[in-house]
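Notes follow the structure.
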């Protein structure tokens, strides 16, 4: 197996495993809607269900179509990720790593969405009147992976067009 697949699939497997394990722990230890303060005035562990996209986007919209629309979008994203990975040079570690992180996160949330109709979110960050929507390990991984992909594009642009 080529190095790029080993790196990306290893990252995806680790992220998927951590995501599913943390969600299982939340479901086993917190009732739905329950919250545990971890850092006063800044961070709680919560147990909420997100039927929308990342960070609660469309969480309260008509739910009859959402599960399958988001599952279909995730499945399409997986195909695109694997296609891009196939075309990525072995030396492009930022792109390979970014794709692996996005892949693992997408798989974690896709499994939840298909099996439960929602994603379990449990990380709740806030400060005074500001509140970020609850999220999970898969969401963090997707964001970190997207950041890695942006960095890879930026680096390749600066390498090909030095000033």
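Cβ coordinates come from backbone N, Cα and C, glycine included.
Caution: TrEMBL annotation is automatic and unverified by curators.
Copied from TrEMBL, the annotated features are:
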type	residues	note
TRANSMEM	65-85	transmembrane segment
TRANSMEM	92-111	transmembrane segment
ACT_SITE	121	active site
TRANSMEM	131-154	transmembrane segment
ACT_SITE	139	active site
Please report how many Å separate the Cα atom of residue 139 (active site) from that of residue 121 (active site), as a whole number.
9
10 Å Cβ neighbour count around residue 121 (active site)?
25
